[in-house]
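Enquirer: The feature active site, schiff-base intermediate with DXP is assigned by Swiss-Prot to Lys106, with sequence analysis given as support. Under the heading 1-deoxy-D-xylulose 5-phosphate binding site, Swiss-Prot lists Gly167, Ala193, Gly194, Asn215, Thr216.
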Amino acid sequence: MSQTETQDLLTIAGRDYRSRLLVGTGKYKDLDETRAAVEASGAEIITVAIRRTNIGQNPGEPNLLDVLPPDRYTYLPNTAGCYSAEDAVRTCRLARELLDGHTLVKLEVLGDEKTLYPDVVQTLAAAETLVKDGFQVMVYTSDDPILAKRLEEIGCVAVMPLAAPIGSGLGIQNRYNILEIVENAQVPILVDAGVGTASDAAIAMELGCDGVLMNTAIAAAKNPVLMASAMKKAIEAGREAFLAGRMPRKRYASASSPVEGTFF
């Protein structure tokens with residue numbers, strides 16, 4: 001492990017992580033491919049849709065916990081498929097029961113099936129309820145800086161604005177809003193949704209995001225395991241570029257070689 005990796009950790013809810021890439025576990029052809037892709041990504045936090053993935057709800061069926069053991073990964077149960085605050089809160093409480101008191105959750109409350117944009121009113125309501133109920137909430141939201149700050153003030157441990165619609169692969173559509181959110185946040189900011197390829201992930205990190213969560217960008221690739229590896233490298237490169245500080249943009253050229261002191 002490099003000195004940079006040792007000193008530059010992602011901290012969420014009081015726990016440190018080396019990897020700034022968080023990955024989903026859906027859309028793979030089988031659990032073996034899921035395991036291989038997660039391992040290639042280097043991710044330490046994996047998110048799971050409680051309403052769609054078996055983590056003990058259905059005894060006798062393949063269980064994600066068998067291929068991605070919770071003593072090796074931090075599970076992040078999410079409320080994918082919920083369209084009301086009530087459903088989201090109920091799903092988080094079910095996850096807490098299934099995972100023996102686990103309180104770190106990813107909250108998402110969707111507005112409609114076409115865009116899968118977050119319903120911000122329902123999201124705010126669910127976040128308030130869950131925080132009061134002792135949950136550590138990582139929240140999926142729009143790229144509205146005011147809303148992001150409000151969710152932070154409610155007590156969410158991380159705010160996760162979308163780059164583009166879920167599963168669209170369009171990349172970051174509004175860099176300036178993401179930058180505004182990052183610059184005013186006191187909690188980790190992770191881009192969630194819309195990443196399509198490695199360069200999208202690198203850009204998010206170059207903007208100063210603390211991490212990126214993705215699923216479809218890896219699972220829907222022609223070679224998911226190879227794409228997972230590419231995303232790992234992109235996250236690391238983007239983070240190092242952010243820490244290094246990019247050169248200022250200039251309108252005109254600037255010669256790389258000095259004019260003074262030439263031989264002729």
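Quick reminder: no glycine exception, Cβ is built from N, Cα and C everywhere.
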Enquirer: Just give me the nearest neighbour of Lys106 (active site, schiff-base intermediate with DXP) among the binding-site residues Gly167, Gly194, Asn215, Thr216, Cα to Cα.
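Expert: Given the candidates Gly167, Gly194, Asn215, Thr216, the nearest one is Asn215.
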Enquirer: Applying a 10 Å Cβ distance cut-off over all chains shown, what neighbour count does Gly194 (1-deoxy-D-xylulose 5-phosphate binding site) have?
Expert: 24
Enquirer: Near Thr216 (1-deoxy-D-xylulose 5-phosphate binding site), which residues of its chain come within a Cβ-Cβ distance under 8 Å, counting only those 6 or more away in sequence?
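Expert: Looking at Cβ-Cβ distances below 8 Å from Thr216 (1-deoxy-D-xylulose 5-phosphate binding site), excluding near sequence neighbours, one finds Gly24, Lys27, Ile166, Gly167, Gly169.
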Enquirer: Other than Gly167, Ala193, Gly194, Asn215, Thr216, which residues of the same chain sit close to 1-deoxy-D-xylulose 5-phosphate? List them in sequence order, counting a residue when its Cβ is within 8 Å of the Cβ centroid of the site.
Expert: Pro165, Ile166, Ser168, Gly169, Val195, Met214, Ala217
Enquirer: Taking DSSP three-state, what's Ala193 (1-deoxy-D-xylulose 5-phosphate binding site) in: helix, strand or coil?
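Expert: Its secondary structure by DSSP: coil.
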Enquirer: So if I draw a 10 Å sphere around the Cβ of the residue listed as 'active site, schiff-base intermediate with DXP', how many other Cβ atoms end up inside it?
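Expert: Around the residue listed as 'active site, schiff-base intermediate with DXP', other Cβ atoms within 10 Å: 26.
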Enquirer: In which DSSP state, out of helix, strand and coil, do we find Asn215 (1-deoxy-D-xylulose 5-phosphate binding site)?
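Expert: In three-state terms, Asn215 (1-deoxy-D-xylulose 5-phosphate binding site) counts as coil.
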Enquirer: For 1-deoxy-D-xylulose 5-phosphate, with binders Gly167, Ala193, Gly194, Asn215, Thr216, what's the maximum Cα separation in whole Å?
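Expert: Per the listed residues, the maximum Cα distance equals 10 Å.
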